[in-house]
Amino acid sequence: MDLHHRSPEYNALLLAGPRLGPLKQAHARLIVAGHGLSLPLTTKLATLAVAAGAAPYARLLAASHPAPDSFLFCTLTRAAAHRGLPAAALTFYRGLLAAALPFSSFAFTAVAKACADLSALRAGMAVHAHAILLGFGSDRFVQTALVVQYSKCGQLAVARKLFDAIRDRSVVAWNAMISGYEQNGLAERAIEVYKEMQMAGEAPDSATFVATLSACAQAGALDLGREVERHIVSERMDMNVFLGAALVNMYVRCGLVNKAREWFDRLQERNVVTWTSMIAGYGMHGHGHEAIKLFHLMRREGPLPNDVTFIAVLSACAHAGLVSEGRDAFATMKSVYGLVPRAEHYCSMVDMYGRAGLLDDAMQFIRNSIPGEPGPEVWTAMLGACKMHKNFNLGVEVAERLIALEPENPSHRVLLSNIYALSGKMNHVEKVRNTMIKRRLKKQIGYSLIEIGGIAHLFRMGEKSHPQTRDIYRYLEELIHRITDAGYVPETDSVLHELEEEEREFALRYHGEKLAVAFGLMMSAGSTAPIRIIKNLRICRDCHLAIKYMSAVENREIIVRDKHRFHHFKDGKCSCQEYW
């Protein structure tokens, strides 16, 4: 090996580097010099070929060698997995298997990573079984790689079982489990694992904080997010682009858009994800003009906007009524950056026209600008606009298109039922609801969540399981009386139309949003800090109106993050300016 390290042939490979043309020239030189069958040189050549993205060439080199060893295939498996070539990594692993050569732990960790990147559950299970068969089942590096694999394949129960079996968990293992939960939408579980990690005395690293901040963003766990920020600052951690983006995103998603901008401005390195997060944050919080300004700054000073950036910009325009700016952005996306619009871009444009009340423009855009048959997300945006602006005839037509496209989606039928009800066609309401009963289609259950002292409290409509239910209801009753005196009149169109007026008002009174706000106000009497609520669905019109009044009579800012955006209620007004 030392001989080859000093040889001109080896130096020629190093000089060629991960470039296919020079590597082929170096390969020819090896053959001419009589070193074509040197296994160390072949291994180096093939590994550089993988680094150059030429996995088929590397496979040819490995397959043509008369006596390949385990190190060759293991090295190629690992190189391909870490170069973003997971399919090639699986091929090299199978080559190792076919040659009946010895395996190493790093071959298994590499191929498990490849299965994770491909979300190839069946192949991953075979790799797992093979690792156990060869005695690598209790190797902590292999176990950690398998935790990542099963997490990325959505098999969280299996991942957790493996994680719990690791005796001496490294920070990488903890990070794998936190990320696994967060990436599968189980933010609360991710936060639990982070807290377990703290109790176990394991020192977190930058990747731990990135995953935990992402979980905080998803769950709206502001207190923990701030605690993580304090750790980062006090330990003077290197503020890499991923950590910076995670901090910006956490503050955006937890409702502190100004704090997010502070961090954004402090970052020395910002990638397209960081810029896009900040633009999207302004859009979600109703600061459409700020989103547009930042987008233009990005075009001048930042990385090239990608298709996700344009979704963020178009959404910001839709939520702020900036129709002209949205049109310009959509045109720029195609003409300047050569990006092909996807369903999300078309949907945002329809949403923008629809929210602004330009229903004819929205329909014209659907007919003239969307190639092929529009998808259900486009018609859903159109249907929402019809309901918002009380165009019932068009709404029925759009709803029927949606139901034809997605007959098993209950939300379309609920919206159609609401449109019939608003237009007074109660016989049609009955038909829609009977169909839903027959098909066993159920409306998604809404809930509102508020965090007090690091503990999440969840409220559904009419919630009575909370230990402080009696006090919460009493407080809410007093609050309703006060906002009624201030001019609040319930919007009873928000609930089922077969109920009598008095019953409708009663149903509205105990919506989860109102219960959560009442609990938050009750538990923070005397404080001036904002009340923060997370709603899993779109906030209803009556709760939106009621919370505006609550913010005025209590002299408190109330921030509600619903399915689509943030609503900052202050002094009887909402930041959304009714664009929601």
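Glycine is no exception: its Cβ is also placed from the backbone N, Cα and C atoms.
Taken from TrEMBL as is:
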- 487-580: domain 'DYW' (DOMAIN)
- 170-204: repeat 'PPR' (REPEAT)
- 271-305: repeat 'PPR' (REPEAT)
* Asked: Which numbers of helix, strand and coil residues does DSSP report for the domain 'DYW' (487-580)?
  -> 37 helix, 16 strand, 41 coil
* Asked: Can you count helix, strand and coil residues in the repeat 'PPR' (271-305) using DSSP?
  -> 27 helix, 0 strand, 8 coil
* To do: Please average pLDDT over the repeat 'PPR' (170-204) for the predicted structure.
  => 95
* With DSSP as the reference, give the number of residues of the repeat 'PPR' (170-204) in helix, strand and coil. => 27 helix, 0 strand, 8 coil
